[in-house]
Each structure stands twice: as C-alpha cells, then as structure tokens.
C-alpha cells in the first residue's frame, strides 16, 4: 500500500482518537505514542514500517500497569479479603474476556489500525486483538500522562464494573458470608427478593439476606443475583466488624 493511504488512515485515526479522549476526559501530549498503541502488526506489515512499530511492547507495559492499578484498587476496597481472594479477583479483572468487556463499553476497537487482510477477516472484533489494544493504550497513557491518568481512566472504565453481573463470581460474597456464619455457628442464611423497579431492559432489584429468618442486610443490583451479592457483601462486612 502507498504512503498516501497510510497517511489518510492515520489522519482518520487522529480525529477519532481526539474525540475519544475528549469523551473520556483525558489529556494527551504525544500522539505518535497512541498511534503505535493501536497499530496491529498487520498494519505495520502492510506499509513496510519498522518491525517494532506495532503495539506489542506497549501491550507488555500496559499489562503490568493494569495489574498494579487493579491491585491497589482491590487492596483499598476490600480490606477484609485475604491475599488469595484478592489474587483471584485481580486475575479475573485483567483477563482477556474482562478487558474486552471494558474496551467494548467505550468502543475502543474502532480506533485499531489494521492491515487490509486482518480487517477483512474480522480482526477488529477478535477478542485477543481487542484486549491487546486495551493494554497497549493503558501502556501509552502511562508513559504519556503518568499513573494518575491511568487511575482516572480506570475509575471511569474499569472499577465501576468490577461487580457487574458480567464479571460476577470474581468475589462471591454469598459464599464468604455463608462460611463466616458457619464458623460463628450463627444459623441458616436465606435470601429473598423484596422489590423490583424500572422498565424490563433496566430493572433494579432489591434483595435482603436473612439470618434465622431475620433480615440483616439489603442490596440492590441490575439482576437478582447481583442484588443478593450486594446484600451478602454488606452483611459480611457488618458481621466482621462485630
């Protein structure tokens, strides 16, 4: 392909990237760094660019930055959880399927620069390719704006969704609470749905957890399962404080 074609693709990227960063309320200084973050090896090969101009090195860096950022978040948010649970949570949050979920929430895949063949074969929606681009973007953001900017990005794109039903099972507070009650010989734990509100496509469920038939905590979520998890989390934390 010609350099003219490459420049046209990069100009299109520059505009879309500026719009995306504005939407995310993020600043940037070094545009070529982000061009590299979204450059798949197929794009580099099509235009005979430097063999290290693709995003794999930034992906490597972004992976480590994400692990650090998520580790700090979990450490602060769940002071009662032991190391094993925190490790399990972190692994689930930074795994490929989760990163694809986060990337898709902000349509990050539309920024990826692909070679002609990769584009034709559906590379833009390939999970491994999308998650790699997400990590590379985080790596570029870290180099360009520092860890504070990565934290700001994570507060908008990652942290609010850690307990979404899509990622549920990362921390199973129902099991945590059940095990705590068993250790304390406190009796039987049950759950009941006490309220549903909102239209079918955006329901809000409220559940409560009962100990020996007596309500001890309530929780809300977008699914019944999530509301039960929230109720169990509150009951678990309250019980640990006693």
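Just so you know, glycine gets a Cβ as well, placed from its N, Cα and C.
What Swiss-Prot says about this one:
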type	residues	note
DOMAIN	10-146	domain 'RNase III'
BINDING	59, 132, 135	Mg(2+) binding site
ACT_SITE	63	active site
ACT_SITE	135	active site
DOMAIN	172-241	domain 'DRBM'
REGION	216-242	region 'Disordered'
COMPBIAS	223-242	compositional bias 'Basic and acidic residues'
Counting only other Cβ atoms and using a 10 Å cut-off, which of the recorded positions 63, 135 scores lowest?
63
Mind checking how the region 'Disordered' (216-242) divides into helix, strand and coil residues in DSSP?
18 helix, 6 strand, 3 coil
Cβ atoms within 10 Å, counted per site: which of 59, 132 has the most, among these binding-site residues?
132
If you measure residue 132 (Mg(2+) binding site) to residue 63 (active site) at Cα, how many Å is it?
9
Whole-Å Cα distance, residue 135 (Mg(2+) binding site) to residue 63 (active site), is 6
Give me the sequence-ordered set of same-chain residues, not including 59, 132, 135, with a C-beta within 8 angstroms of the centroid of the Mg(2+) site's C-beta atoms.
55, 56, 58, 60, 62, 63, 131, 133, 134, 136, 139
Structural state census, the domain 'RNase III' (10-146) (DSSP three-state)
101 helix, 2 strand, 34 coil
